[in-house]
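Taken straight from TrEMBL:
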- 1-58: region 'Disordered' (REGION)
- 45-57: compositional bias 'Low complexity' (COMPBIAS)
- 222-524: domain 'SAM-dependent MTase RsmB/NOP-type' (DOMAIN)
- 334, 335, 336, 337, 338, 339, 340, 359, 386, 404: S-adenosyl-L-methionine binding site (BINDING)
- 457: active site, nucleophile (ACT_SITE)
Ligand SMILES: C[S@@+](CC[C@H](N)C(=O)[O-])C[C@H]1O[C@@H](n2cnc3c(N)ncnc32)[C@H](O)[C@@H]1O
């Protein structure tokens with residue numbers, strides 16, 4: 001796709017041709033040349049030309065799209081905010097048009113994802129440890145590096161605009177430093193920098209971490225996850241690349257309550273994997289009336305399939321009766337913010353079942369209620385409470401239960417650009433007891449013949465198979481259903497089940513979904 005370029009050095013967002021660390025380099029490795037925004041090759045071996053003016057004489061105004069990106073990075077690194085929550089409000093606040101909103105999205109998400117590689121590059125260009133820099137200056141530098149190395153923004157525009165931004169938001173003093181550092185960054189293109197950073201490194205995970213901008217422990221965890229779920233370790237490159245690509249927006253039309261006609265008329269395409277789903281690679285889904293009304297919802301297709309698989313899993317009849325007298329009772333034990341609960345409730349409504357959506361965090365329970373608002377009120381109830389208590393309180397009370405357990409989210413890194421830098425290796429072990437207690441509670445709460453779906457948006461074996469194996473070991477009345485086969489049955493392709501084991505693991509680089517794990521556990525009747 002070709003990008004035109006206007007005065008501020010913008011190119012369009014997702015179609016900007018951005019190359020984050022680890023994204024495939026269509027120009028070949030170390031080509032020494034890169035296309036600028038007009039599609040012309042810029043020879044990186046000759047000295048790049050910059051505005052002759054000193055930083056003080058350059059633009060003093062912050063371009064609004066770059067300002068939005070800067071504000072997102074400041075909120076993320078300074079206030080522990082989530083980029084996907086801050087970005088839309090900053091875009092609205094600065095009244096960005098579609099093109100500038102796209103640019104701000106690519107710049108903020110790209111700078112956050114690429115932070116590991118960019119900081120390693122910056123460390124070679126700054127004459128002091130990065131921790132000693134004003135955090136606002138460091139964020140401005142990250143924004144500059146992403147434009148210089150991964151977006152088709154001409155170097156002079158990236159430099160001028162980043163220095164202008166710095167002058168406007170952090171003052172004239174640091175702008176000279178930013179100017180000098182970014183000039184050093186322009187000495188090499190991204191592939192050359194990666195070659196420099198990895199020179200002399202022999203460990204494959206260290207090299208992948210620097211190349212694909214992931215913490216090294218996550219690279220190791222994902223390699224381990226691939227092997228644990230029957231894939232080959234060499235897929236790690238494709239998996240890390242998929243984490244760095246801007247994910248497409250997945251939409252689901254709630255069955256029986258909405259349809260996709262508006263989305264398709266607005267440029268979405270029919271989703272190939274799940275029924276009633278659609279895809280879009282750009283634009284704000286909030287512009288759709290059906291999304292605002294809640295009958296269409298933004299939801300990763302992997303999550304859609306997990307909810308549909310639970311609804312479709314085969315139950316055994318209740319003891320002493322062939323059919324459910326009052327319709328089935330479904331439970332979503334960890335429902336916040338309500339994505340799967342909404343789809344489950346719509347599916348429940350279609351077959352005369354009811355859904356109890358449980359969530360302990362009151363603000364997230366409120367989100368669950370909002371998510372469920374489009375579903376008839378007599379189908380669902382929201383409970384605010386600890387899911388670990390439900391098994392004791394409602395033993396054998398439910399036919400189908402979803403345990404979408406709190407997890408590290410290592411399978412959804414592409415959607416949460418900052419999360420890879422927030423997670424710690426100790427999170428994996430710390431979540432284990434809660435995951436096991438929630439699953440044990442669900443197993444108590446399911447009736448004989450009923451099914452518990454244990455799901456995580458992480459492929460880590462400690463959060464997936466290990467939790468399921470422990471639960472199965474503790475009781476004799478449980479059987480594992482073939483989750484891959486059930487997923488195949490609810491998908492449009494019928495080709496999702498790994499065939500490696502009875503649990504199922506989806507992958508961003510294979511299925512273009514989040515790396516959702518699913519086990520379906522049935523209590524013997
Ligand atoms: C992975 S999220 C669930 C996502 C949700 N199913 C969806 O599709 O939108 C896990 C949820 O579990 C909740 N949680 C944490 N501790 C819990 C507990 N003790 N009992 C039940 N839920 C808990 C978290 O607050 C969080 O909302």
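Yeah, the Cβs are placed from backbone N, Cα and C, and that goes for glycine too.
Keep in mind that TrEMBL annotations are predicted by a computer and have not been checked by a curator.
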Residues near residue 338 (S-adenosyl-L-methionine binding site) in space but at least six apart in sequence (CB under 8 A):
357, 359, 367, 368, 369, 370, 371, 372
On a count of neighbouring CB atoms within 10 A, which of the recorded positions 334, 457 is highest?
457
List, in sequence order, the same-chain residues at least six positions removed whose CB sits under 8 Å from that of residue 340 (S-adenosyl-L-methionine binding site)?
299, 303, 306, 307, 332, 402, 404
Can you give me the Cα-Cα distance between residue 336 (S-adenosyl-L-methionine binding site) and residue 457 (active site, nucleophile) in Å, rounded to a whole number?
14
Between the Cα atoms of the residue listed as 'active site, nucleophile' and residue 334 (S-adenosyl-L-methionine binding site), find the distance and write it as a whole number of Å.
13
Can you count the other CB atoms that lie within 10 A of the CB of residue 386 (S-adenosyl-L-methionine binding site)?
14
Please classify the secondary structure at residue 340 (S-adenosyl-L-methionine binding site) using three-state DSSP.
helix
So the record assigns 334, 335, 336, 337, 338, 339, 340, 359, 386, 404 to S-adenosyl-L-methionine. If I measure every Cα pair among those residues, what is the longest distance in angstrom, as a whole number?
19
Across the domain 'SAM-dependent MTase RsmB/NOP-type' (222-524), what does the mean pLDDT come to, as a whole number?
95
Work out the three-state DSSP category of residue 457 (active site, nucleophile).
coil
Neighbouring C-beta atoms (10 Å sphere around the C-beta of residue 336 (S-adenosyl-L-methionine binding site)):
24
